[in-house]
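Novice: This is the feature table in Swiss-Prot:
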BINDING   868, 869, 870, 871, 872, 873, 874, 875  ATP binding site
DOMAIN    299-462  domain 'Alphavirus-like MT'
DOMAIN    842-991  domain '(+)RNA virus helicase ATP-binding'
DOMAIN    992-1128  domain '(+)RNA virus helicase C-terminal'
DOMAIN    1369-1480  domain 'RdRp catalytic'
C-alpha cells in the first residue's frame, strides 16, 4: 500500500494544478456591494437555502453581499463560501436606514457600456461606498415605469450583469473552466466581455423587461420577447425575478421549483445507496423505529428478508463505524472475520491478513481458511469481529504478549447490558433473553436458529477498563454501543478511560418487598409509566376490589406485554397494588404552620418520641405507604474496574540493565528431581504456627541484577494473609549428597529456573560449554568488585525451523544459532517505500521507489539473528564462508566504511543498503543475505528488502546495546519502533565478550575481555583541552561543529558507530551528556581499542560529579579517579621568598569594647526580646553564644513557636472565590499601575509579538540553571519533581538563618521569613515567564537613567553611580511595610498587562494567574500576595516597586533611580502626585520616604551599600557585626573571603574614607580590619584557603606587587602595620630598638600622619575619646617617644599634632 504525505502537492495532474493556482490569483478581482435592504432580506431565508440554492435562483444578492467589504478582508474573515450567520455577524451594520429616502437609481451610458448606478439622494446619509461601475440593478426601483432606452438596456444587458445568468452559465457549462476564466466573483465588465465573446454576432434583443408592483416593492422580470421562438440564446426560466424580496422569489420560483425537487431526489438517491450498503433488508415498522433510534436508516423499497434482519443491520453498521476508525492505507490483521465483509468496512482493496482460529464448531464451516491455536499478530493493528466474548482477559493479554508489534486491537462484541442484572430484554423487537443458572441465551428477533449461548460472567467485559499483569497494562475503551452490540478498542499501556460506562437503560422499576413471605413479593420489573398509572388508579377509588385491580392491569398491558409476565407474576402484581390501595395516604404528623411559640418547642420533642416508638412498635400507615413507593429504578450503568491477573509472586518487577538477565517468576512448581535424592537423617522438628502471613507488595520497583550485583529494595508495603503458616526447624547431620556433573540431566527445569541455572552455573551446562568452545573463549566469567560478568547472557527460548543442511547452517547450529520464520510487517514495508518516494533516499528516485513498492510482497522468510558486543567475533566465523562461496552470499551494510572493511577481508558481493535495493529491481539476492550492523538501517528498510527477496535466508548481525538509526526529519519511519525491538526476541542469547576493548574498559561496560592494557600506557585520562592526535566524539551536532574548528576528526556519539579507533577523546558536557540515551553513550565508549580521553567542559572541583547520574559514565568516573590516584605525584618547586615590604595604613587602633558597647547600647534581656505564645511558650531565637551573636536573632525550623508566629504574620488565607473577587475589584488599580509604569519605562512603544526563539532560550536557561545544582540538592527535591505533587501545592517552612540586619540588632524578635516551595514544573514555567520578561524589558526599556541591580556586580553599580549620580542636592530612599503581603490583586493585574505587552503566550500568563489564585498550603488557600518560592519573585518585586513609585511620585526624566526588589534610591527629591492622595487608601502597600543630605555620614544607602562620590561602599557597621558574629559562632573560615572582598572597596578609598564615613562608622571599619588581622595571625587550616596567598602567615608571604596582586598585598600591608602599632601602644619599646633605621611610612606622602592627627583632633576634642583609644599610660608614653623620633624637617605644628 502506498502512503502519501498529505502535505505533498499533486504530482501528475500538472494542468489541474496550474488552473488551481490561476483560480486563486483571480479571487482578488471580485468587488461587489450589498445594500442594507439586501442584508435585511437575507435574514428571511434559512441558512441552508442561502448556501445551496440562492446562487442558482437569485445569485445577485449573494454575490453583492461579498462586495460590501474589501475582497481580501472579506475572504479572510468569511472564507470562500460563508454561511448566513457568519455574514450577518461580520457585515451587517448596527443601524438600518430606509432605502427609498437615501438612494436613487440612475442609468448612464459610456462609450462602451451602459451602467445602472445607485446614487445617494440629496440629504441622505452615506451608508456605504458604492462603486459606480458595479451596482447593476436595484432591489427596489423608485420608478414606476422604465424609459425605452433604459428598458432596452435592462433587456439587453441586465440578465448578463446581475449574476443570475452568470451562475446559470456556469451550471450549463464546465464549472471549472468558467471559474478559471473569470474567477469565482468577476467584475461586471469582465463578465460582459465574456458573454460578448461567447455570443458574437448573436441577437441579444430576444428578451424584454416587465415591472411588477407589490407591497414589498417593485420587481424586474426578464421574459422572452416571443415565447414561441426557438432562437433563445440562453435557456432562461420564465418569470425569473432579478432582485427583489427573496421571500417573494421563493414563492414564485416557477420552473426552478422542479429543479429543487430534482436536487432533493438526487440527495435521496445518494442516501438510499449508502443505507443499502449495510441495511438492504426489509423490516417491520417497529424494527424500523428501533433502528432509527440508533441512527440506522432503512430502505423503503427493500424486499430482501432475513431471519434477524435488524440485528444484521446493527452488526453491519458497527462494521462501518469500525472501518472509519481504521487507517485506510495500513495493513490490518483480521481475526475471526469473513473476507466477504471487507466491503462493509471499506477495505475491499486492502491487503489485510485474515487469521481465523477455530473457537467453536460452526467456525469449521464459517471460514474458508482456518487454523487451530491462536497465532501471533505481525501488524500493529488488529480486529476481532464479534468474538471477544469467546476470549478471556488472560487470552487477550497473551495475544499482546505473543505479538510485540501489536499496539491497538479493535473488537466488536455482542453482550446485552441487561445480563448484568439478569433482566428481560429492553429491545424485544430486536432480541429476547433467557437465563439458565450461570448462562444466558441471546435470541435475535425470536429466531432460535440464530441464538447464542454465553456464560453470564462474559458480561464482565462491559465493566473492564484495564487488564493488568504485574506492571504491564492493557486499556479497554468502549467507543460505541448499538443495542447489544459494542465496539471496543484495546491498546497497550495504561491510559485514561471512562470510570463509568453508560448503557441504554429501560424505563422500568423494581417493586419493594412488602410481605414477609419472600415468594409472595414481585420479582419482575415493571414499566415505570405502568406502575405510576396503577398507583394513581388504586388510590383514586373509594372502594377497590381485587378484581378491579386485575381488570385495570389487563387494560393497561397490551397482548405483547402480557406475554412478558408469567401468571404468578401477574397475581403478585395485583396483590401489591391491592395492598397499596389499603394503605393510608394521609399524613398524621402535626403541622408546623400557624403553631405558637410553645408548640414550636414541643413539636420536635413529640416527633422525636414518635420516631422512637416507630422503631419498636412499627411505622405508621402513612410511612408504610411511603416506604412501599420507594421503587428502585433499573439502571445498567456500571463502574469500570481493573482486571488484575497478577499472581502474588508477580508483584516483583525485574529490571534489565546492560547485559544482565531479566525475567518474571514462573507459576509452576519446583523442578522435579529425576535422580533419587540422598537420604538424610533428621532429628525431631519443632514447629511454630503463625496466624497471619506478610506478603510483600512493591511500591516502586525492585532492581534485580543477576548475578552478584546489589539489589536496591525500595519502600514496600506488606499485606496480611489469613492463611496460617507453619515454620519447621530441625538440625540436619552432615551427610554429603551425591553431586551430579550435569545438572541439566538431573533436574527437569521449567520456566525461569532454567535461565537462572544457566546464568549462575554455566560450567555445568553442556550447551553453553559447547558454544564457548566453538567461539574459542573461556567458559569462566570475570569478577569485578562484587559483581560477576559472564561471557553469555540474556538467554531466551527460541524455536528454530528445520531447513536444509549445509556447511554454513551446521556452523550456525554448532554455535547455538538457527533460523526462525519471520514475516515482515506490511505496514513497515509501506512506510519505508513511502519515505523513499518522498525523497528520503539519496540514490533512489521516486519512480524507483514506486516500482519497489509494487514488487514488494511481505512473506515469511528464514532469519537468523546474532547479537553480541562489538568485537565479539560475530562476523569472523561468517567471513570464511563469504570468502569461499561468493555466489551464495550477499552482504549489505548501512555505511560505506563497513562495506570497505568487508571488501578488505575478501568479500565480493558487498553493497550499501540503497544500492542493494536498486539491484533488487533487476536481480534477486543470493541464497544467504548478511545484514551487518542492522540497528543502523532505517526503520522499515529491512522488511522492505526482505519483501523484495523472499527466497533468500537472512543472517541479521548487530549489537542490541548500540544506538538505533534515525531517519531524516519529516520521515514517516521515525514513528516506527526500532528494528532491534523486533529482532532481539529472535536471538537465543547475547555474546557478552569482546576482543577489541581492553579489560578495564570492557568490564566497566559489563563485558568480558581478555585483552590487557599495554604497560606504561594510560587507559583512561582527563583533559580540559580538545586533543588533536585522535578522534573526538561529541554529544551533539552543535558541539561537533565547534570541535571541528580545532580537530577535523570529529563525530557525534552515534555517527561513529561501526568504526573503531586506537585512541578516542569523548567530550563530556554537563547538560547534554547526562540527557543522552544509554545506547548513545555506550556507542561512544566502545569505539576505542586503546586509550580513552575524557574532555570535560565542567569546571571546578566537582568535575564529573553530575555526570555520574548517567549510566556507564558512573563506572568510568571511578576508573578515572583510581587511575589518577595511582599516578606518581609530581612535586611542585618551592617558591622563592623575599623580604616583607613595609606596611602602610591610615587607621588608628580602636577598642573592641567601645564598638560592642556602641552596638549593644539599646539591647534588652533575652526573654524581653522573645515572643511569647500561651500555647507554646517563648520562642527560641536568642542564642547566648557571644556578646554580639546573642543580639542577632536566630531563626530555625525547629522553633515551633516562631514558625506559627511567622505563618500568622506573613501568610494570609482566603478562598479561591475571594481571590477571584480580589482580582476583579483591583483590576482598575492594576490598570493605573500599568499606565504609569508604561509611560515611565516604555514611552511611545506599542505591544510586541512573542519572540519564540527568546522564549525557548529562556526555558533552556532556566533548565540549565536548575541542573547546575549539586546532585544532593537535585535528589533532595524529588518530592516536588513528582507529577503527583499538585502544581498549586506549596511546601512551606521557616527559613533557617541568622538575621544580621542592623535594624533588628538587639531589638525584640519579630516574625521570621517563610520559604515556599512549589512543584518544580511550576517553578520552571513561571521562571521562564520571568526570564523572558527580564530580557524583553532590558531590550525595550526607553529610560536610560534606571538601574536594576540584578546580574550586576558592586563594581557595575559603582560605575553607574560615578557616571551620572547627582550629589549636589538631597537624595530619596524609601522603606515599605509588608512588601510581599501587600502585593494584592492590583499588582497581579499589572503583571498580567505587562506580560501581554511583552508578548508572553496567553497560556503562560493564565497559568501564572492561576498560581496566584489557587496556591495553597496545609492550612488552606493563600490569598493573593507575593511568595518567596515563585519563579519571578525578584523581577516582579522590582517591577512592582517601580510601578508603585511611578504611580505615587513624579519622577523627572533626568533623575537617576536604582531599584532592587523593595529597595529604591534616587538622586533627587520626589514630589507626590496630587491624584495619588485619592488612591492611597485603596492600596495595601504602604511606603515611607526618607531624604538624605548626601554629605558625610548622610549618604543614600541601597541594598546594604552607601552611595558616595567615590563609588559605592559597604556599610561598616553591618560588616563588623556580621564578621564578629561569624567569629563567635566559628564559621568565619567560610565567610572571611567574602567579607574581605567587601572591605577592599573601603580600603581602596584611602584618606577619602573620612569624607564618606562619620566618626563611628570609621571606627567600625577599623574594627573590621582588626577582626581580619587577628584571624590571619591565628593561621588558617581551612581547605578552601590553601591556594590563597592572603591566608598564609605574614613571614611566608611572597611579596610581588604585580597588577593582579595589588589588592591582596594591600590588605597584608595594613595587617602588618596594625601589628606594629598594637605593639607600640602596649609599650613594647623593643619594636623600635630592633629596627633603629625604620620609620613608619604612612599612606600618601610623609606628612600623612600629620593629616590623620589633625583630622582626629577636629573630630575628637573630648578627653573621653582619647582615653578610649589610648587607654594605657604606657601607651601614651610610647607614642610620645615615637613622635620624638620624627625627622627634624617637620615643623612644630606637626610635632604638636603628632603628640596628640
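All positions are counted from 1 along the displayed chain.
Cβ atoms here come from the backbone N, Cα and C positions, even for glycine.
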Novice: Please work out the number of neighbouring Cβ atoms within 10 Å of the Cβ of residue 870 (ATP binding site), leaving out its own Cβ.
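Specialist: A 10 Å sphere around the Cβ of residue 870 (ATP binding site) contains 24 other Cβ atoms.
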Novice: By a 10 A CB contact count over all chains shown, which of the binding-site residues listed here is most packed: 868, 871, 873?
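Specialist: Sorting the candidates by Cβ neighbours within 10 Å, the top entry is 868.
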Novice: Per DSSP, residue 872 (ATP binding site) is which: helix, strand or coil?
Specialist: coil
Novice: Looking at Cβ-Cβ distances, which residues of the chain lie under 8 angstroms from residue 874 (ATP binding site) while being 6 or more apart from it?
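Specialist: Once residues fewer than 6 apart are set aside, residue 874 (ATP binding site) is near 866, 867, 868, 957, 991.
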Novice: Select the most exposed residue of 869, 872, where exposure means the fewest other Cβ atoms within 10 Å, treating these as the binding-site residues.
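Specialist: Counting other Cβ atoms within 10 Å of each of the binding-site residues 869, 872 gives the minimum at 872.
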Novice: What are the DSSP helix, strand and coil residue counts for the domain '(+)RNA virus helicase ATP-binding' (842-991)?
Specialist: 64 helix, 28 strand, 58 coil
Novice: Using DSSP, how many residues in the domain 'RdRp catalytic' (1369-1480) fall into helix, strand and coil?
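Specialist: For that range the per-state counts are 47 helix, 24 strand, 41 coil.
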Novice: Are there any residues in the same chain, six or more apart in sequence, whose C-beta is under 8 angstroms from the C-beta of residue 875 (ATP binding site), and if so which?
Specialist: 930, 932, 957
Novice: List the other residues in this chain whose Cβ sits within 8 Å of the Cβ centroid of the ATP site residues 868, 869, 870, 871, 872, 873, 874, 875, in sequence order.
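Specialist: The answer, listed by sequence position, is 876, 959, 991, 993, 994, 995, 996.
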